[in-house]
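Visitor: My structure is below; once you've seen it, I'll send some questions.
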Amino acid sequence: MAAATMAITSRALVGKPAAGTRDVFGEGRITMRKTAAKPKPARSGSPWYGADRVLYLGPLSGSPPSYLTGEFPGDYGWDTEGLSADPETFAKNRELEVIHCRWAIAVGLGCVFPELLARNGVKFGEGVWFKAGSQIFSEGGLSHPGNPSLVHAQSILAIWACQVVLMGAVEGYHVAGGRLGEVVDPLYLGGSFDPLGLGDDPERFAELKVKEIKNGRLAMFSMFGFFVQAIVTGKGPIENLADHLTDPVNNNAWAYATNFVPGK
């Protein structure tokens, strides 16, 4: 939207004050700046937004805090610690949550699929997620995906340097405000970062945001479970699932928890 300034240039009024202007606009001023268009609000009938949205305990939920208005995806009206009361803190925490949700979704798939493929006869090296990285310290190094002629890593320092450069470049691009296409929200870049045009329809995009945050929160809990499983059982998630399905009585959280009872 181009910058604009209202002016009256009629020859009949040259040199004369526009008496009606103040009467119409009072003491206000009109300022128009170039900015990215704000996303349209979600449809009023959406169950995930607004004052009548779904709350964390459904009909048993109390009144949500006044600062949780249902404007953002994933707002179920639950904030017992008041973490969202300060707008700046809320904006920061919202960004952190969305980013960690995306990481958890991607990493969760990376923990499951290699082990699943390995158990079904696909040969590409170590399939268990917390053991795969240590292969770089073996004599032959680490090959992706189990083929030395493709990507063959033998130096942990080289991998660390690549991660710093690549991830640093991406984060620097994000923080500095660099963009490919018009940016409406730093968390949802759009433009060249949305080649499928998922954000073109505001109503559909609002629903996709809710799906992302819900699946992301589930993925973060899943990753926490993968970490606990790795520490307690020393096995990957697929093997733990197979063991539980084979013998659910002796392979469950309670059975493993009782192994840590003092004196047992």
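Using the three backbone atoms N, Cα and C, a Cβ is placed for every residue, glycine included.
Sharing the features that Swiss-Prot gives for it:
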type	residues	note
BINDING	Y56	chlorophyll b 1 binding site
BINDING	W78, S84, E97, R217	chlorophyll a 1 binding site
BINDING	R102, V151, L180	chlorophyll b 2 binding site
BINDING	S155, E171	chlorophyll b 3 binding site
BINDING	Q163, F260	chlorophyll b 5 binding site
BINDING	H244, A253	chlorophyll a 6 binding site
MOD_RES	R33	N2-acetylarginine
TRANSMEM	98-118	transmembrane segment
TRANSMEM	150-170	transmembrane segment
TRANSMEM	218-238	transmembrane segment
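Can you tell me where each of these features sits in this structure?
Guide: Cβ neighbours of Y56 (chlorophyll b 1 binding site) (same chain, under 8 Å, six or more residues apart in sequence): Y76, G77, W78.
Using a 10 Å Cβ-Cβ cutoff, R217 (chlorophyll a 1 binding site) registers 15 neighbours.
Just so you know, the Cβ of V151 (chlorophyll b 2 binding site) picks up 10 other Cβ atoms within 10 Å once every protein chain is counted.
The Cβ of E171 (chlorophyll b 3 binding site) lies under 8 Å from no Cβ of any same-chain residue at least six residues away in sequence.
Within the same chain, no residue at least six positions away from Q163 (chlorophyll b 5 binding site) has a Cβ under 8 Å of its Cβ.
H244 (chlorophyll a 6 binding site): 15 other CB atoms within 10 A of its CB, across all protein chains. Look at H244 (chlorophyll a 6 binding site): DSSP puts it in a helix.
For the transmembrane segment (98-118), the residues of the chain that approach it from at least six positions outside its boundaries are 124, 126-129, 132, 187, 212-213, 215-217, 219-220, 222-223, 226, 236-239, judged by C-beta separation under 8 angstroms.
Outside the transmembrane segment (150-170) by six or more residues, the chain places 136-137, 141-144 with a CB less than 8 A from a CB of the stretch.
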Visitor: About how far apart, in whole Å, are the alpha carbons (Cα) of V151 (chlorophyll b 2 binding site) and E97 (chlorophyll a 1 binding site)?
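Guide: Distance between the two Cα atoms comes out at 32 Å.
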Visitor: Around the C-beta of E97 (chlorophyll a 1 binding site), how many further C-beta atoms are within 10 angstroms, looking at every protein chain?
Guide: 16
Visitor: Specify the nearest of the binding-site residues S84, R102, S155, R217, F260 to H244 (chlorophyll a 6 binding site), where nearness means the distance between Cα atoms.
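Guide: The smallest Cα gap between H244 (chlorophyll a 6 binding site) and any of the binding-site residues is with F260.
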Visitor: Can you tell me which binding-site residues out of R102, S155, F260 are within 10 A of R217 (chlorophyll a 1 binding site) by Cα, answering none if there aren't any?
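Guide: Of everything listed, what lies within 10 Å of R217 (chlorophyll a 1 binding site) (Cα to Cα) is R102.
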Visitor: Using DSSP with the three-state reduction, classify E97 (chlorophyll a 1 binding site) as helix, strand or coil.
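Guide: Its secondary structure by DSSP: helix.
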Visitor: When the Cα-Cα distance from R102 (chlorophyll b 2 binding site) is computed for each of the binding-site residues S84, S155, F260, which gives the smallest value?
Guide: S84
